[in-house]
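Everything below concerns the one structure shown next.
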Amino acid sequence: MADPAPAEHRPAEEEEAAAAGEDEDTGAQVAPIVKLEEVAVTTGEEDEDVLLDMKAKLYRFDKDGNQWKERGTGTVKLLKHKETSKVRLVMRQAKTLKICANHLVAASTKMQEHAGSDKSCVWHALDFADGELKEEMFAIRFGSVENCKKFKETVEEIAEEQGKNEEKESEEASSAAELVEKLTVTEAKTEETAEKEEAPAADDKKDVKE
């Protein structure tokens, strides 16, 4: 005669039977406890066009330690705003997507080759990656000489274009200031003329009363 099943196995069998019973369709509808909704994720890049998108490794010069420190490996982008035409350089770390560089490409932005490496560039920028403007010195390294050259040339072209835009804006601002000044002078003269015309009219009224 076979030994009965050990006591510790019986609850498990009962649980399986209960679970099987639960799988039967009872016709009852159970509302989900948590309702998940799709959430739109914004990156802040929706109003910008991508001019360049490359994989690279970024370094930041630590002034206190007087040495280069790795900032992150990921994708560097040059993004042009659709309305303002301003271009910014943004780089995010590959896995965490944390921003490790975020600054405008200005007319003063100059790319220099890193000493001893034709795959690297060095430049200065007022960076906003940490939530506040900081003057930083960056170095970026690409996987090939071609990518580094393309990055350097693209940034230099953008800097030159921004310089032309700034000159144009300065000329337009100067012209607008001159125009406002002329209008102000014209308005002042008109007021003087109106005052002179009003004075005789007042004298005429006095004569009529007399």
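Just so it is clear, glycine is given a Cβ too, placed from its N, Cα and C backbone atoms.
If you look up TrEMBL, you'll see 1-31 (among others) marked as region 'Disordered'.
Among the features that TrEMBL reports, compositional bias 'Basic and acidic residues' is placed at 1-12 (among others).
Positions annotated as compositional bias 'Acidic residues' by TrEMBL: 13-26.
Annotation comment: TrEMBL describes 29-164 as domain 'RanBD1'.
Positions annotated as region 'Disordered' by TrEMBL: 160-210 (among others).
Residues annotated as compositional bias 'Low complexity' in TrEMBL: 173-187.
Per TrEMBL, the feature compositional bias 'Basic and acidic residues' maps to 188-210 (among others).
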Residue counts (helix, strand, coil, in that order) that DSSP gives for the compositional bias 'Low complexity' (173-187): 15 helix, 0 strand, 0 coil
Average pLDDT across the domain 'RanBD1' (29-164), rounded to a whole number: 91
For the domain 'RanBD1' (29-164), the number of residues DSSP places in helix, strand and coil: 20 helix, 61 strand, 55 coil
